[in-house]
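Single-structure report; data block below.
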Amino acid sequence: RSAGGSSKKPKGPVSAYAFFVRNCWAEWKQEGSEKLSFADQSKKCAELWKVVPSPKGILDVWIRFEIIRHEKEMRSYVPPTGTTAAKGAGNVPVKGVKVKRMKKVKDPNAPKRALSAFFWFGHDERAKVKGANPEFGIGDVPRNSARCGEE
């Protein structure tokens with residue numbers, strides 16, 4: 001099972017509740033029961049999940065198998081070249097470490113973004129404000145420049 005697109009990364013394990021909902025929807029579809037909206041089907045599944053205690057034990061066993069399947073698939077997964085893996089994003093998931101999306105390698109020779117109009121204004125205005133008020137500190141100069149820009 002792939003995550004879609006060109007990525008071959010395995011999908012994460014499906015939770016017991018998601019598996020329960022998927023089975024409920026499949027049963028309703030086979031029965032040919034009345035057509036319900038997505039929200040109504042979700043509400044109905046949530047009510048069944050709260051009331052029916054017996055399938056939860058079976059689903060707990062299933063979720064263990066699902067986690068083992070995911071770990072096996074992740075061991076054989078190799079990230080695409082040109083990307084860096086986040087901390088804890090090795091082949092086996094690390095408990096307690098949130099895995100971030102993989103980042104593209106930044107080109108150090110790429111041009112920088114242009115400055116905004118306020119930065120150009122502040123660059124010109126800083127010398128004027130500092131010359132008129134030499135006692136101003138680091139925070140006072142931009143605060144005064146912003147007041148001048150509002151006027």
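Including glycine, each Cβ sits where the backbone N, Cα and C put it.
Nobody curates TrEMBL annotations by hand; they come from automatic prediction.
Residue ranges 72-91, 132-151 are listed, and TrEMBL annotates 132-151 among them as region 'Disordered'. Using DSSP to sort the residues of the DNA-binding region (10-78) gives these counts of helix, strand and coil: 53 helix, 1 strand, 15 coil. Shown for the region 'Disordered' (132-151): DSSP residue counts in helix, strand and coil, namely 12 helix, 0 strand, 8 coil.
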